[in-house]
Amino acid sequence: MERCSVAQQFEDRFHRKFYYLRLSVTDVCNFKCTYCLPDGYKPSGQKNSSFLSVPEIKRVVKAFADCGTSKIRITGGEPSLRKDFPEIIHTVASTPGIEKVATTTNGYRMEKQVGQWRDAGLTHINVSVDSLDSRMFHQITGENKFTEVMRGIDKAFEVGFEQVKVNVVLMKDLNSQELPAFLNWIKDKPIQLRFIELMKTGEMDELFDKHHVSGVAIRNQLIANGWLLKVKAVNDGPAQVFVHPDYQGEIGLIMPYEKDFCESCNRLRVSATGKLHLCLFGDHGVELRDLIQEDQQEQELIDRIQAQLQTKSVSHFLHDGNSGMTPNLASIGG
């Protein structure tokens, strides 16, 4: 079997092509967000040394790039907690075929380190800011770091990022009333604000029942006020992005409970311990680590991934109350 080419890339039985890999490099996080790790990070018994090494990351990324993947998002946990994070960015960015290197961060280390990340090759950045009210931010994240995170976003613009994406997990009775404040914030800033519906995971049933709210009301409000839906690029994520002539910023909505959400799925996930996850809400991960120990194993790695893609479901089963085996969003990178 020949190596993948762009004409022969990772594709499932529903003819979905996979241009986008979410690569977790740690499941450790220093925040205690109510919707993810409300009790803080608890080690699963494995040592941090069991997270993917830089050479292993290089082999994973090369295999995906050779099969048409052009965008890699480095996730966690909190990826910047890895001391070799700039080296990881450089390794990903220097892989032929990779055009976009993104990360998602809680922003805690951005003010001091975002310049290093950009120099290493980071092209896109997402920051979690679940409230513009510092007290509510503290309540949701468990950390009183609102000012530091906001300074980090300013620093990202200073070092040359043209746009910063800001993730907001939408929660009824906590931050669901903050749309006017968020709109005011992005009026003159090139921020893409992304409202993400709260998702049910294994440990979060009660929180979901109490705080889940659909993004449909926000979408209707945006459309009524002249916001227009933007056309997606091939390696974009699932967000419905809206633009307005009077705003420098943009609004994105991620609504996993929306009909046909999975129809345009274009991403795969690899966990920090080297398991392939076909879906955030899948039932299991597939071991890849035994095939990323030597460069010459690449074809075996590609073959295993391609074989697994033929088992990928057409959709998640969230509507049936089945969120798979994902205990929390930190465990495989959200």
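Cβ coordinates come from backbone N, Cα and C, glycine included.
Just so it is clear, the model here is predicted, and its values are computed rather than measured.
Record check: Swiss-Prot places Arg22, Thr104, Lys165, Arg267, Leu268, Arg269 at the GTP site, and the matching candidate among Arg73, Arg82, Arg135, Arg304 is Arg73. Note on Ser128 (S-adenosyl-L-methionine binding site): other Cβ atoms within 10 Å of its Cβ, all shown chains, come to 24. Considering only the binding-site residues Arg22, Thr104, Arg267, Arg269, Cys279, Met199 (S-adenosyl-L-methionine binding site) has Cys279 as its nearest partner by CA-CA distance. When the record's S-adenosyl-L-methionine-binding residues Tyr35, Gly77, Ser128, Met199 are compared pairwise by CA position, the greatest distance found is 17 Å. Ranked by CA distance from Ser128 (S-adenosyl-L-methionine binding site), the binding-site residues Cys36, Arg73, Cys279 have Cys36 at the top as the closest. In this entry, GTP is bound by Arg22, Arg73, Thr104, Lys165, Arg267, Leu268, Arg269, whose most widely separated C-alpha atoms sit 20 angstrom apart. Cα distances from Cys33 ([4Fe-4S] cluster 1 binding site) to the binding-site residues Arg22, Arg73, Gly77 are smallest for Gly77.
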